[in-house]
């Protein structure tokens, strides 16, 4: 035994543990790569939200049902990600595995190309089956979406992530602003702008033009990634694919905080996707049937306002919260607003019903102004409920650091393979529940709001346990 051995501590320091696990994350930020990733981040919400303003009208044109209250059941299956999420569930693990072997860059580019084609296919859909197939293809090619945040994690460090994550998060709301505006304003373009677009193709396929515009943006993103996005996967750069096997999902789930985080995230996925579908359906449904009776353009404006609110939160609020406020507490508070959000929607309908001058299921201009203020309040509150998606990054990093595992070894946070499951059931069940509630008039036709609020309480339970576990860990340090 040498003198150096006698003076060596029995337990290694944190720095030694970190250096032994994997290569440290970069301390300098590649701004050009961040710019490319931010642009790519807008593509998924663009493709997802552009169909929202016109999806109920699209289903109505298919003549699947003559009852307006039943349209939401079918539109929820198409636009609400039911088939989309099932296809994504099948594809997410193969895409993630391929990103480990052939590299992140190739997987991202391939996914964007397929998403572009599926968007065009949806634009020429003239049957429910064809629309479902096109959405299924979109889900298959969206299985690579978690790879983009992985690349972000691999080019950032603990020093700059507080600013980078909120900035990166802005571009999802930007896509949510532009998508509904494009879909709402450019659908039925032959009727809206006959002077310039009165062509047979746009009359036969009234929703083809917005899909072409979105697909064009996708192709721009694909070529941008091809020419400017660098490979960040070390194995793909060096050609050495042999790496130490990371902890399995079962091993990570043994950690209480990680388990509660994944379960609460599953609740959040169900709740948030259910709200996306319910809100559009609620806006489209006539006032007498339990909705607000808004036009397609108005729904597009409402969704655009929602995106603006989310962008303002990410830009103005999140950097301060991430830097100064406990992550677990903010995560729990944000999830706790969801029961309130769902219960506010029936209040809006009751206000519209109480107006004395309803005209053809619509609300007059005087009442409409007050109603839009109420819609804005609902959207602001709902966007608070979406903030946990931003906190998901730092909370997962905290868990990995606690377990002495390097976060960037994962294409997506552990357990996220199960998230497409609630995303699959959320839109389908919520739209079906809305239709059943309208027919049965149980609880004044607002059964859907009560059930979704109750489910939200389940998410609150697990997010509260995250706060408790976070306190325990801080006390043990």
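In case you wondered, yes, glycine gets a Cβ from its N, Cα and C as well.
What TrEMBL says about a protein is an automatic prediction, not a curated fact.
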For this session: Quick one: sort out which of 164-187, 236-259 is the transmembrane segment according to TrEMBL.
Result: 164-187
Problem set entry | Cβ contacts the transmembrane segment (299-318)/the transmembrane segment (369-391), at least three under 8 Å, sequence gap 6 or more | yes
Exercise. Under an 8 Å Cβ to Cβ limit, what residues of the same chain, 6 or more beyond the ends of the transmembrane segment (443-463), are close to it?
Worked result: 260, 263-264, 267-268, 270-271, 274-275, 278, 290, 331-332, 335-336, 338-339, 342-343, 345-346, 349, 388, 430, 433-434, 436-437
Exercise. What parts of the chain pack near the transmembrane segment (107-124), using Cβ distances under 8 Å and only residues at least 6 beyond its ends?
Worked result: 40, 43-44, 47, 51, 95, 98-99, 130-131, 133-135, 137-138, 140-145, 147-148, 151, 205, 207-212, 214-215, 218-219, 221-222, 225-226, 229
Problem set entry | Stretch-level contact, the transmembrane segment (207-229) and the transmembrane segment (164-187), CB cutoff 8 A, at least 3 pairs | yes
